[in-house]
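Visitor: Below are the features listed in TrEMBL for this protein:
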TRANSMEM  12-40  transmembrane segment
DOMAIN    14-474  domain 'Major facilitator superfamily (MFS) profile'
TRANSMEM  52-73  transmembrane segment
TRANSMEM  105-127  transmembrane segment
TRANSMEM  139-162  transmembrane segment
TRANSMEM  168-190  transmembrane segment
TRANSMEM  202-220  transmembrane segment
TRANSMEM  271-292  transmembrane segment
TRANSMEM  304-321  transmembrane segment
TRANSMEM  328-346  transmembrane segment
TRANSMEM  358-379  transmembrane segment
TRANSMEM  400-418  transmembrane segment
TRANSMEM  451-469  transmembrane segment
Amino acid sequence: MSTTTAANIRFWPIMTAIFFGAFLSILGISTINVALTIFMQDFHASLSTVQWTLTGFMLSLGTIAPLTGYLGSKFGYKNVYLFAMAGFVGLSVLCGFAWNIESLIVFRIVQGLFTGLILPATMTIIFQVIPRDKQPFAVSIWGLSAMLAPAFGPTISGWLIQQFSWEWLFFINVPIGILAIVFIMIMIPSYRIGQPSSLDKLGLITVMVSSASLLVALSQGRLWGWESGKTLGLFGIGLLFLIWFIAHELRTKDPLLNLRVFGNYRFSITLVANTIITISLYSGTLLVPLFLQNVQQMSAMDTGLILLPSSLVMALAMPIAGKIYPKVGAKWMTIAGLLLIIFGSYEMTQLHSDSTHFYIIMWMAVRNLGVSLAAAATSTAGMEEIGPTMVGHASSVTNWVRNVGGSFAIALFTSLLASHTLTHATDLTQSGQENVKLIPLLSFTMSVNDVFVIATCIAVAAIPFTLLIRKKMKAVESGAVAA
């Protein structure tokens, strides 16, 4: 283990190793969106079941994030990153050999446990190793890697499905993952900041029970009935364990998730805004592929190509956002991004079966440009006032809130999509729709528009929080470490 001054930092080698990890972890989400319809066909499963390959992955991804701070303090963040990447590669192989939808869901959930360590570990390495004057640019590169994955993910997914089979969505991770492992071993320095603490077992149990209970209730509530005993019982258990978790974390000496970072006003406000932005992003990545494949009968490959331009806009805008952030500031850059998200999301509420692909590409590009601006601003602003010894915990909190919130959002959007489709189908039938064959397409399109309306309202809800973002306080002194 070696520690040196910021002057000796090897910026680009470290960021190269970080780039690959962030890219692969997000690729695990973006390739699945296009494949949901394929899974439904191949496994003869419903959307409510198939969506667990995504929501289950994201739930475990978010639930394991609180462990990053403990593991990083105990073993070092480089070793945590290396271990997580190795596990991700191994589970990619198992996912490719899944024999039914149940086995695929299980493998995806376990894969999410490894993936959930990658993003907070890489973010922590940036804020502990990279000098503060280079951190905004480093975060933009980190964000670029996370944005390139959804940019190319759908296209890669569609091409692999069309040319080979869905199994290759997972096998493709193996060579890239092995390359990432080599880069991590060679390019990231071995270091450690802070003293290892004991594992907060009670905190881990309560957060897992809470997250799982709430997600199952959101996912299955439509089928069971929102007022059924099972649904209300799971909501009750989830909320009870969540309150228990929060109370315990604030009292214990060595918390699993150091919620005291919420004592930093700027961190708290920007995290709320960032989570809402993440939810808005997932609404588009979930709904548009389903609309293109189920209503307009696009192939997986064509769906990926249609999504590519807007995703590229998001990816290319991220490093630019990192460069202009110091000049514009967090508040106004986030507001500009949110206005673009709101405008683009509203236009996506006007979809119909004959909507042109240019229309979809244009307004998805507007949405994604807004996501880049707002996400870059809130991600950087939230961490700027956090000291180096607390960065790992702050990163864990950020990923926990954002990913668990994202998994809840996808579960909720999926449930709303299914329930609204049924309602619209019933209404169209009763209204005397002449062409019965059109009812499924019309009802599904109307429900997609309904969910986009909800996504638009969610984005609007972020504006009050953004207006509360204060100017950055004097930078916390830090000693960067590197090899």
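Numbering starts at 1 and runs along the chain as it is shown here.
Cβ coordinates come from backbone N, Cα and C, glycine included.
Annotations in TrEMBL come from automatic prediction, not curation.
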Visitor: Could you give the residue numbers and ranges of same-chain residues that sit at least 6 residues beyond the transmembrane segment (358-379) on either side and whose C-beta is under 8 angstroms from one of its C-beta atoms?
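Guide: Same-chain contacts beyond the flanks: 139-140, 143, 147, 270-271, 273-274, 277-278, 280-281, 284, 288, 292, 306-307, 309-311, 313-315, 317-318, 321-322, 325, 328, 330, 333-334, 336-345, 347-348, 351, 398, 462.
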Visitor: For the transmembrane segment (12-40), which recorded stretch in the set 52-73, 105-127, 139-162, 168-190 gives the largest number of Cβ pairs separated by under 8 Å?
Guide: 139-162
Visitor: Look at every Cβ pair spanning the transmembrane segment (400-418) and the transmembrane segment (304-321), keep those 6 or more apart in sequence, and say whether at least 3 of them are under 8 Å.
Guide: no
Visitor: Count, for each of 105-127, 139-162, 202-220, 328-346, 451-469, the Cβ pairs lying under 8 Å from the transmembrane segment (304-321), and report the range with the highest count.
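Guide: Comparing 105-127, 139-162, 202-220, 328-346, 451-469: 139-162 has the most Cβ pairs near the transmembrane segment (304-321).
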Visitor: Take the C-beta pairs under 8 A between the transmembrane segment (52-73) and each of 105-127, 168-190, 328-346, 451-469. Which stretch has the highest count?
Guide: 105-127
Visitor: Counting Cβ pairs under 8 Å that sit 6 or more residues apart, are there three or more between the transmembrane segment (451-469) and the transmembrane segment (271-292)?
Guide: yes
Visitor: Which value does the mean pLDDT take for the domain 'Major facilitator superfamily (MFS) profile' (14-474) in this predicted structure?
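Guide: Here the predicted model's pLDDT, averaged over the domain 'Major facilitator superfamily (MFS) profile' (14-474), is 83.
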